Ligand SMILES: O=C(O)C1=C[C@@H](OP(=O)(O)O)[C@@H](O)[C@H](O)C1
Ligand SMILES: C=C(OP(=O)(O)O)C(=O)O
């Protein structure tokens, strides 16, 4: 289950045929983490269908087991979680290793803060560089104590609160992980936990809390979006249907926009409006991208997304859109590389603290393949070629799945093949990525570089 010590270099080149057919991508990563965590906190047995079986989510599954929940795989994507009730998690016997996953680590901090137990958490060398103070600082106000490595990095130790106090916290950055950590801690606290976000971020936590029976109020006010949770609810197990991950669908859909003659459908994609900023941006760029069979499933909007090849033009992406497409900038940059004109993506400071410094790494990925890109403050500028990307470069992925997938999609639309130094981290969020691209391309567009 864990990314092995060996690296997986891959190379992508223009496919012999356009991308076509109807395909599905694995389950949504954000919803999958939360399904396992809420299942572990609920009374009864939660049946999950469509769970993402990527390494990040498997880390969460292992952590929930270590905290006393029963977590079983029943079939492909079908998982069963028997929970311990809010406040019922037990002290783990060993260190919790969250691998490459920021979401798993930060949400778990919230969950642990509310339980009177001691735990130690670590992660891989990418996760150990990422800031945890953004959660440990607000969570300390519950009464929990955190000890982190210098700079607020993992490994960390936590002694959870005996009687957690409710938080009243205004997020300094737009982050669904920080919001969710506060709400998870608030489950164990007596009284109302209040979180204010400057910009709305993905609301899967709020939706799932309601789905399990908690009382959550959301109001848009002059100070931002205010979320209030009534503490110490009894969460009751409820079935969860995980839609396809729009952040994963993005790679194949952009591939279809870029490879001449393509027409591709990704069925069953989650279309929560707080996740669809990329699709809005691509449409502004002139992309032929439409939703068919729009429906609601398991409380989340879902649809089949169809993409067709066509020319793209540069746009300016406003900073306020970042939360709704925060993981999609590397693949948007690939689309922008083929567009006519210069695309400016504004307000991307948060990209510096992802699995890698995605702002620098995305610019370097483009530069290595003959596309001019620059960083001005927190903005990324991509000078589109208005034609095929030159390609021919080897991209350093820095343990970052989204860079690896973006670079490989770029290779499909480039004149010369594009290599990536290590595609192994794609397993964190999109198992089977290369095979699915090759299926859509009807041949080996992505192959081993070894
Ligand atoms: O809450 C979540 O599931 C996520 C929130 C985002 O992170 P931030 O909260 O740091 O913006 C996103 O980048 C990550 O992939 C998943
Ligand atoms: C940023 C990401 O995930 P996480 O923060 O969970 O590592 C991502 O999947 O792009």
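Including glycine, each Cβ sits where the backbone N, Cα and C put it.
Mean per-residue pLDDT, taken over the domain 'Enolpyruvate transferase' (16-434), amounts to 98. Annotated domain 'Enolpyruvate transferase' per TrEMBL: 16-434, in sequence order.
Cβ neighbours of residue 29 (phosphoenolpyruvate binding site) (same chain, under 8 Å, six or more residues apart in sequence): 52, 54, 56, 57, 103, 245, 247, 248, 429. The phosphoenolpyruvate binding site annotation in TrEMBL covers 29, 102, 130, 177, 358, 402.
Non-local contacts of residue 30 (3-phosphoshikimate binding site) by the CB criterion (under 8 A, 6+ apart in sequence, same chain) comprise 103, 176, 202, 204, 245. Residues or ranges marked as 3-phosphoshikimate binding site by TrEMBL: 29, 30, 34, 175, 177, 327, 354.
The active site, proton acceptor annotation in TrEMBL covers 327. Taken residue by residue with DSSP, residue 327 (3-phosphoshikimate binding site) is part of neither helix nor strand, so it is coil.
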Secondary-structure category, per DSSP, in which residue 402 (phosphoenolpyruvate binding site) falls: helix
Binding-site residues whose CB lies under 6 angstroms from ligand 2, from 30, 102, 130, 327, 354, 402: 102, 327, 354, 402
For residue 175 (3-phosphoshikimate binding site), the one of 102, 130, 358, 402 that lies nearest, given that the binding-site residues are compared by Cα: 102
Count of other CB atoms lying within 10 Å of the CB belonging to residue 34 (3-phosphoshikimate binding site): 24
Candidates near ligand 1 among the binding-site residues 34, 130, 358, 402, judged by a Cβ under 6 angstroms: none
Residue 358 (phosphoenolpyruvate binding site) to residue 34 (3-phosphoshikimate binding site) - Cα separation in whole Å: 25
